[in-house]
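First up is the structure itself, then whatever we jot down about it.
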Amino acid sequence: MRLGLNIDHIATLREARKIHEPDPLEAIFIAKNAGVDLITLHLREDRRHIHEDDVKSILKHAPLPINAECAIDPEITKILCHLRPFKATLVPERRAEITTEGGLNLKHPQLKDTIKAYADCGIEVALFIDPSVQNLELACALGVKVVELHTGKFSNVFNTLYTGFKHHKNRLDLPKDSATLKNMLEESLEELAQSTLAGQKMGLEVCAGHGLNYASVGLVARLEGLSELNIGHAIIARAVIVGLEQAIKSMQEAMHAR
Ligand code: PXP
């Protein structure tokens, strides 16, 4: 199973100061050495993290294939068709959202044309979908060969049950009792398992991602037939913590260097 590292939040950190560091490209070289298989990034319409110049320089220099998440938006399609990432994963996008909230609307009026635009440029197209057999059938009918199953529902339930995480008040309305949450967790895992198998039977490559972390990833990674997981926030968040000691030591050395 491939690991795709989503590097958006390296750029989010940079945008907190709007300066040159941390540099997502530098991180990609480290990711390559660490055994990551591909890099995922999201050129959002509001450019809140990754910018067009990032995509340009990453595509020019990165030693790994690039999977560009993108909204169904003519301007973004034009930019990416010109820059030519290895894969374009179509995702829904809403300005006010904190992160991608659900799978694609597979009946979106511009979806067919957007898929065609990428395919005509030789870019592999993946659709980010909520896990269901019906969605897989729609994806197949649209002629794509790859889907990414949205693991957000599973992740949200898992985190509520096991991490004591309190959701942002506008984002989720999950039940509080653990018996109901446990049933929901089993259901969402079963949806992912069944969708993966159904997708495979239809000849699709099935990837998955969103909201996975160190505690929850094992439950998804062991599902039969998944070929790729895309993970961002948890890895970048951990990197900030486990890299802190070295970063402090390097600053102390710099302070005392004569
Ligand atoms: N896959 C898709 C399609 C996404 O939109 C995202 C978030 O940008 C991810 C995977 C990674 O999610 P996370 O940062 O929660 O690991």
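Heads up, the Cβ atoms here are built off N, Cα and C, so glycines get one too.
Values in this document were obtained by computation on a predicted structure and should not be read as measured data.
For His42 (among others), the entry in TrEMBL reads active site, proton acceptor.
Glu69 (active site, proton acceptor) is surrounded by 27 other CB atoms, counting those within 10 A of its CB over all protein chains shown. Look at TrEMBL and you will find Glu69 (among others) tagged as active site, proton acceptor.
DSSP assigns His210 (active site, proton donor) to coil, not to a helix or a strand. As annotated by TrEMBL, active site, proton donor applies to His210.
His233 (3-amino-2-oxopropyl phosphate binding site) carries a helical DSSP state (H, G or I). Taking the Cβ of His233 (3-amino-2-oxopropyl phosphate binding site) as centre and 10 Å as the limit, one finds 17 other Cβ atoms among all the protein chains shown. The 3-amino-2-oxopropyl phosphate binding site feature in TrEMBL is assigned to Asn6, Arg17, Gly211, Gly232, His233.
The secondary structure of Arg44 (1-deoxy-D-xylulose 5-phosphate binding site), as reduced to three states from DSSP, is coil rather than helix or strand. Counting every protein chain shown, 21 other Cβ atoms lie within 10 Å of the Cβ of Arg44 (1-deoxy-D-xylulose 5-phosphate binding site). Annotated 1-deoxy-D-xylulose 5-phosphate binding site per TrEMBL: Asp8, His9, Arg44, His49, Thr99, in sequence order.
Taken from TrEMBL, the feature site 'Transition state stabilizer' covers Glu148. Residue density at Glu148 (site 'Transition state stabilizer'): 28 other Cβ atoms are found within 10 A of its Cβ, drawing on all protein chains shown.
Looking at His9, Arg17, His42, the recorded positions in this record, the fewest other C-beta atoms within 10 angstroms of the C-beta turn up around Arg17. For Glu69 (active site, proton acceptor), the nearest of the binding-site residues Asn6, Thr99, His233 in terms of C-alpha separation is Asn6. Cα proximity to His210 (active site, proton donor) (within 10 Å) is found for the following binding-site residues from Asp8, Arg17, Arg44, His233: His233.
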